[in-house]
């Protein structure tokens, strides 16, 4: 019995170390290397680089691990994460998650179509609304690892949706939910929904 208890405690302890919580204060210094593309506070000034500010820790951590492990290809980040430990990545994720994402503006001509897709999906084609995973306000569900979209650059969102549709981005889990959704979006759909997301808050 005692051996079982000790074994259990050791296992729990090791698990806790393997999934150590991120330290936002420590992450600020470690995130300096990210600033050139993503902005010092995670609000990227360049529309092709995603805003990381206010993004859920779980999502950020998964993306960094996927990029580091080669499960998601981002040419601009090649080699940048190689020498960072799991704790470094957790700290960086915690720092960016603690920041506030800035909000952009949607193209007025695309708002109606974008909102209809985001809130209603394309039911006839079996595409669910984005709100189910990303919430009506676009903040996502951090605990489930569903990303915060509201305020994200339209250029970046459009690129990701296109990559999911074309199969060049595949790190959306075993269910391939984003690939199946993006497959039902036309170029015009992607432009409208991406613009709507940029202005969503």
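Positions of Cβ are set from backbone N, Cα and C atoms, glycine also.
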**OP:** Write down the one residue from 77, 105 that Swiss-Prot lists together with 34, 37, 38 as binding heme c 1.
**Re:** 77
Original post:
Taking 101, 178 as the options, which does Swiss-Prot list with 130, 133, 134 at the heme c 2 site?
Top reply: 178
Subject >> residue 134 (heme c 2 binding site) and residue 38 (heme c 1 binding site), Cα-Cα, nearest whole angstrom >> reply: 22
Original post:
Does residue 134 (heme c 2 binding site) have same-chain partners at least 6 apart in sequence with Cβ under 8 Å from its own Cβ, and which are they?
Top reply: 140, 141, 146, 147, 148, 149, 150
**OP:** For residue 178 (heme c 2 binding site), identify the closest of the binding-site residues 34, 37, 77, judging by Cα separation.
**Re:** 77
**OP:** Tell me the Cβ neighbour count for residue 130 (heme c 2 binding site), meaning other Cβ atoms within 10 Å of its Cβ, over all protein chains shown.
**Re:** 23
